[in-house]
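A.B. asks: Could you have a look at this structure, given as structure tokens, before my questions?
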Amino acid sequence: MSTYDLIVIGAGPGGYVCAIRAAQLGLKVACVEGRETLGGTCLNVGCIPSKALLHASHMLHETHENFAKMGLITPEVKVDWAKMLGYKAETVTGNTKGIEFLFKKNKIDWLKGWATIEAPGKVKVGDTTYDTKNIVIATGSVPSALKGVTVDNDAGVVVDSTGALALKKVPGSMVVIGAGVIGLELGSVYARLGAEVTVVEYLDAITPGMDGEVQKQFQKILAKQGLKFVLGAAVSEVEVKGGKAEVEYKLRKDDSEHEIKADVVLVATGRRPYVDGLGLDKLGVQMTDRGFVQVDKHWQSNVPGVYAIGDAVPGPMLAHKAEDEGMAAAEVIAGKHGHVNYDVIPGVIYTTPEVASVGLTEEAAKATGRKIKVGKFPFMGNARAKALFQADGFVKMIADAETDRVLGCHIIGPNAGEMIHEVCVAMEFGASAQDIALTCHAHPTCSEAVREAALALGDGAIHA
Ligand code: FAD
């Protein structure tokens, strides 16, 4: 059997992108995937199916909330849940098949099955051991467990995100444990579809790590949309009785005990790196105390020729971070200079409105000890956002007070996930806020609000 230059283990956004880039650079590449389809968590049970359900439920919300305001009188729009799941499945298949096509186009061998690393340069799949000069571990992550809570996606009462993407019916009530991105996105889906959704969170704020002002405004907007929040609450147990769930929690401020009943409980308390069955112990691969593969700045582990990327290594668990590392690791392996700028990785929550951020929050910027300035512009002053009925949010830009260099930006508003990229590009180029303020922005666009926030850092926003 011929030797590969590279075997990538895992075909999620980290692994498949790494395989494609390595093949483009002339390496002989194989990618091992144990799942039936390519694309990993992201395409199969993560980013893509969740965005399909967010889109469909947003459309429904628009018919209920805004159609009549625009003079669009429709008969009552009903939900055909089986069809909605069908649309989600088709969206997923279209994308996973797309990766299969790209593998063929780039002459990448898909080795079907679960891989074990027998030794440096030796990857076993099924009964066959393949030789390779390099190995990239891109095995991703899985939902982390919560003490006192047993997830059973088949039963469909206490589920994780994978189960929540395939419920048998829209529940009448849902408790979401964890107010992070995944919990709030999926909680929004079911709230829009008619479920009474309560989000129980251990911390005193939603979306940990986000800019404080954004957290507060986001919670207000979601509450207006009908989501209920119980913050500062530690869930101790979830019991299933007669097909319903009982969630027991203690409020941290006074230790008082409470219970909520719900048709479905979504456990969304985070994800853990997944390296089970790879044989890393035997291989002597160094791990972090949180179970990630420890890598150097070239994504190489302590075992020469064994690299790791994506959710399996420290850093934000995001598909685009995994992709960037995949590309960069492939370039390093091909003898080039791979690079990822960890200071400019956007994060987006795909609710309505969307929430997007890049760089430092105001709190984090202050903590660096440097002098900063903050420019804010409300979407109330943006004509396009008002026409979209999404003027509740704002753009907040943070710059160094002495150099005017943009340090971060936080947007809560329509299409924030698209708008954030102009700030990402600006930050990559080391731009000042004035550079953005002096850039002509088309009217009427929501992006004008980004420019206005930059103007607010200088002589003042025009429409505020
Ligand atoms: P994964 O996508 O997890 O892929 C790893 C693959 O490796 C899997 O297919 C697995 O089967 C395979 N594998 C594991 N072990 C082996 C083995 N031994 N042999 C063979 N194959 C193996 N991120 C975003 O950026 N934007 C979003 O909107 C977003 N939404 C999300 C929504 C949900 C509900 C979830 C759960 C996640 C979401 N994420 C999102 C996170 C995103 O999915 C992950 O960050 C991303 O998939 C990580 O990519 P990866 O390549 O590191 O690993």
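Cβ from N, Cα, C; glycine included.
A TrEMBL annotation is a machine prediction, not a hand-curated record.
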A.B. asks: From Glu201, Glu246, Glu248, Glu257, grab the residue that TrEMBL records in the same NAD(+) site as Gly178, Ala179, Gly180, Val181, Ile182, Gly183, Leu184, Glu185, Gly270.
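C.D. replies: Same NAD(+) site in TrEMBL: Glu201.
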A.B. asks: On a C-alpha basis, identify the one among Cys42, Gly178, Ile182 that is nearest to Gly140 (FAD binding site); the candidates are the recorded positions.
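C.D. replies: Closest candidate to Gly140 (FAD binding site), judged by Cα separation, is Cys42.
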A.B. asks: Nearest to Leu318 (FAD binding site) by Cα distance: which of the recorded positions Cys42, Gly178, Gly180, Ile182, Glu201 is it?
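C.D. replies: Nearest by Cα distance to Leu318 (FAD binding site): Cys42.
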A.B. asks: Using a 10 Å cut-off, grab the number of neighbouring Cβ atoms around the Cβ of Lys51 (FAD binding site), all chains included.
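C.D. replies: Lys51 (FAD binding site): 15 neighbouring Cβ atoms within 10 Å.
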A.B. asks: For each of the recorded positions (Cys42, Cys47, Ile182, Leu184), count the other CB atoms lying within 10 A of its CB, then report the residue with the highest count.
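C.D. replies: Of the recorded positions Cys42, Cys47, Ile182, Leu184, the most buried by Cβ count within 10 Å is Leu184.
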A.B. asks: In whole Å, how far does the CA atom of Cys47 (disulfide bond) lie from that of Gly180 (NAD(+) binding site)?
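C.D. replies: Counting only the Cα atoms, the answer is 14 Å.
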A.B. asks: Between Glu201, Asp311, which of the binding-site residues has the fewest other CB atoms within 10 angstroms in the structure shown?
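C.D. replies: Checked Glu201, Asp311; of these binding-site residues, fewest Cβ neighbours within 10 Å: Glu201.
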A.B. asks: Going by a 10 angstroms cut-off between Cβ atoms, which of the binding-site residues Gly140, Gly178, Gly180 has the sparsest surroundings?
C.D. replies: Gly180
